[in-house]
Each structure stands twice: as C-alpha cells, then as structure tokens.
Amino acid sequence: MKVLVPVKRVIDYNVKVRVKADGSGVDLANVKMSMNPFDEIAVEEAIRLKEAGKADEVVAVSIGVKQSQETLRTALAMGADRAILVIAADDVHQDIEPLAVAKILAKVVEEEQPGIVLAGKQAIDNDMNATGQMLSALLGWSQGTFASELDIEGDTAKVTREVDGGLQTISVKMPTIVTVDLRLNEPRYASLPNIMKAKKKPLDEKTAADYGVDVTPRLEIVKTDEPAARAAGIIVGSVDELVEKLKEAGAV
Amino acid sequence: MAVLLLAEVNNGELAMDATAKAVNAAKALGDITILAAGGSAAAAGEAAAKIDGVSKVLVAEDASLGHRLAESTATLIVGLADGYEHIVAPATTDAKNVMPRVAALLDVMVISDASGVVDGSTFERPIYAGNAIQTVKSNDAKKVITLRTASFDAAGEGGAAPVETVSVPGSDGLSSWVEDKVAASDRPELTSAGVVVSGGRGVGSEEDFKLIEGLADKLGAAVGASRAAVDSGYAPNDWQVGQTGKVVAPDLYVAVGISGAIQHLAGMKDSKIIVAINKDEEAPIFQVADFGLVADLFQAVPELTEKLG
C-alpha cells in the first residue's frame, strides 16, 4: 500500500506573528518557515506504517511556492521515499485555499492511487481545518478526522477521534483520508545522515496548470488586523484581596 | 435570503448553548431553518423550535445519521441545500468534520470558525492562532460557515417554529460508529460554562490536578487545561483550552500555573474576567489577566477554595 502525505510550509510555530501595519496580511518576508506541526505527525505516522510493514511507499506532496521544496526535503529526511512539489504560487504571501489544494490532491491521488492519505488536521497559518475533509468529498472516500489512534486492518481502518467531550472511535472503509491530531504520535527528528540522503531522493516538480486546477481564491481577503488588545489588570497582594476584588466585580 | 443551520445534536439531545449562539450569529443573514439530524433527532428538533429567531425546523432521523458520521450528514445537507444561500453551524468538532465536506461537494470554500459577521458575504475569522483577525469576502454563490460560539451571545428561548420531517438519503456505507469514550462528569460543559478553572504545567502532576478540580467544584466551574498540561499527561485532551483545543469565553476564567503561551491565550482571551495565579511574576498570562496573584499555587489554590463561598 502506498501512503500519500500532503505537507504545508508555514511560519515556524515558535516565531511571533507580525501583522503588517497596512492591514495587507502577516509579514512572511525573511521569517523562519517550517513544516506545519500537524503535517509532521502525519509524516511520522506514514513512516511508522511503512516500518510496521503495512505500507510499502510514502509519498510526500506539497502545494504552494517553490520554497516548499525545503519542506518536502524535511519529509524525505524523516523517511518519506519520494516527493511531489506542485507550484501554485510565486509570492510567499499567497495562500492556496483548501478547496484548490484538495482539487490538486484529488488529481495526485488519481495518478498515485494511494491506499490512504494522511494529512494534518489543520495548518497553523490559516487555521482552516478543511483540506482533508474536502479531498475526501471530492474523491467520494471515507474520512477519519482529528485522529489520535489509527489501526488499519485489511480493507477497513479503525480511527479514534478527538471530539468535544472525549473520544469517538469509528471504522472507515479503505481507501480513506485520515487527518491527524496532536496525540497520535511524537514525530522524529531527521538525523544528519538522513538529511544528506534526502537530497538524493526523487522530487518531481509540477504546476497547478499541469493538473488543470484553477487556484484563483474564492475568498477575497479584505484586510488583516491585529486582534483587539486586552488591557492588563492589577496584581493583587493576597488571596483575601483576590476574593474581595472578585466579589466587587460580581464574578463570584 | 435563507439560512440552513445545522443544530448541534449529541445522542438525540440538542446542545442548546452552541445552537442558540449560532442562531444569534446567523440571524442577520436571513430566515433561519434549523436542521436537526441524528439517529434520533425529534426531541432535539422540538427544543430547537423554541429558539428565538428560528423560522422552521427540519428533523432528519435515520440510523445512518447517528453519531454524526460526516459522510451521511454531508450528503443529507447537500440534498437540502437548494434555496439556501448560507449553510452554517456552530464550530464544534462535529461541524468541523462535516462542513468542509459539504462545501467541497457544493464546490465552494468553507469559512471556518467565523468570529464576526460583517454582512451576507463578509466575515471575520481568527488566523495564526488568533494572532491576526482576517476579514474575508466570499465570492461563492453559497456560503458554508462554521461560527465560533465563544464570540456570540445565545439567542433567547420563546419561539414556536413549525417542525417538519425530511427524508434521509440513507447510508453510503463509507464509515460506521464503533464506540464513544465520553468522560462522565457532573461539571458544566467546557465551552458553555460560565466559569472555567484551568491548570497548566505548573500543577505538576495528574494527582495535583485535584486542586484545580476542587476549586472548580467550589465555583460550579468547568475544568480546563493548557496544552502543556495535556501533553504532560496531567489532564485529558478534551479539557484542552487553546488553538489546538477548545475556545472558551466564560464570565470568569481562572488560570492556575499557566504561563500563557500564545496558543493558550488564543483559546481564552475573550473571557470577561481573567484571574491568573502563577509564581513567576514574568509569566505572560499576567499581561491579559484582570487580577493577577503572584503566589505558589499549592498554597494559594487551597486558600482560595476555602475562602470562596
């Protein structure tokens, strides 16, 4: 079985986000970029499936700017076998919407015929939480979102999902799309020898046009603002004072 | 202009708070028809009919809709979509599972987690874990939206909308339910609680989380946790407040032993009053707290629990 793992290049999760003063967006020029943390978990799970003998090939795919090549090299260094880069934008500030990404991925799935697509549940930049579900819809496949456990048994997979109020376990028909949540696994770090080896692994370059997908955004970004700042309050000296303040404020 | 609103139904019961908040958020968009779908949904439909501002309720009951499986629920919604310009739902995990699927089947973009409604096609939504607010205008014929409940007040109850039953396409056999593991608790539900007491890494162990739970019970509060506390195994993941967990906006939020990482603040900074208890006076949580107490939580929390009420 082949595993397809879509990965996204996003601002590194440790970097403080700066909103541009003119409201045009978040400043991404000369900012450290990394693989979306949820996608790292998806890559890790794919590699573990291969190590467990349940998968024989892991293919990473990224859709975006040319620089996403670096993100794919990270996936290859972790253990993916080959990579596909689909260039869909020239400007690092242009985010490709989940619908367009899902349409391109659907074409890649047609070509590659994976048995499972493992994706991050959301990207930490646009926080849309949509690509996996959209891809599943376009393919008419089953979906197991927000997975914290995955167990593939023949032509079905058992997926335990993180839902409001607890956990839900469902059984989905293969082929399927699973979007992964934080507790599924702890992704490995790529070792230096593996980083060197990754440079020699195959990386195909395509464009959105090769797949005949129009990536024109459906959502026009009117503006991007800083969130309203919360005024800092006061430091109280003791528990008694805290109780008194809370009573004054009518909070208790 | 008409709105189809997917009610939050859990095991046949309407989640009133989440649904009523979505109704209030969507009322400016047009006449609201609620869809109550589930293995059993009639009682939920009757309850939803009482929400102010609802014009009509559709009840869809079928085994294939039990446990809100995404595939069958999305197929049902798409079949009903004609005549509605907006298809909306409260941004629960169920809706986040279903609505992007609905949007893709309709060939439109989804607008996830909207925190503000500007007009019929323009919405505000937090991005980058709430570090920026983006205003987007949809050019699609239909708008599929999940609404962040913490950003809206709940609509009142006093309506009496007509209830109709709709036919259900049935199962496509793509997925089936196996089991739920829901933590049984007498405490209020986290996202709708009036008071939330959360613990962070500073609490130090699962055992010591009892301190947080004791204070919560004294205040009739829900219990929350930071991602650091969840990752350390002190608290279950469904208690997690933050970008990767739940977004809450209670009247009172008490953060204990939580440093205030950006990802946590994204989940609670819209709370009306924030109290922070932390021994590190430099902790960023104090920058958003209305009342900060620099103290050892192991002394301060028992004392606070005793002195309240």
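Cβ coordinates come from backbone N, Cα and C, glycine included.
Straight from TrEMBL, the features:
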| type | residues | note |
| --- | --- | --- |
| BINDING | B:Arg201, B:226-227, B:240-244, B:257-264, B:Asn278 | FAD binding site |
| DOMAIN | B:3-181 | domain 'Electron transfer flavoprotein alpha/beta-subunit N-terminal' |
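Feature map: annotations from TrEMBL on the structure.
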residue	record	Cβ contacts under 8 Å, 6 or more apart
B:Arg201	FAD binding site	B:Ser226, B:Ala228, B:Ala229, B:Ser232, B:Tyr234, B:Gly257, B:Ile258, B:Ser259
B:Gln240	FAD binding site	B:Gly224, B:Ala225, B:Ser226, B:Arg227, B:Val230, B:Lys246, B:Gly267
B:Gln243	FAD binding site	B:Ala129, B:Gly130, B:Ile262, B:Gln263, B:Ala266, B:Gly267
B:Ala261	FAD binding site	B:Ser226, B:Arg227, B:Ala228, B:Gly242, B:Pro284
B:His264	FAD binding site	B:Gly200, B:Ser226, B:Arg227, B:Val241, B:Gly242, B:Ala255, B:Ile258, B:Ile285
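Its Cβ taken as reference, B:Ile258 (FAD binding site) is surrounded by 31 other Cβ atoms within 10 Å in the chains shown.
DSSP assigns B:Gln240 (FAD binding site) to a strand. B:Ile258 (FAD binding site) carries neither a helix nor a strand DSSP state and counts as coil.
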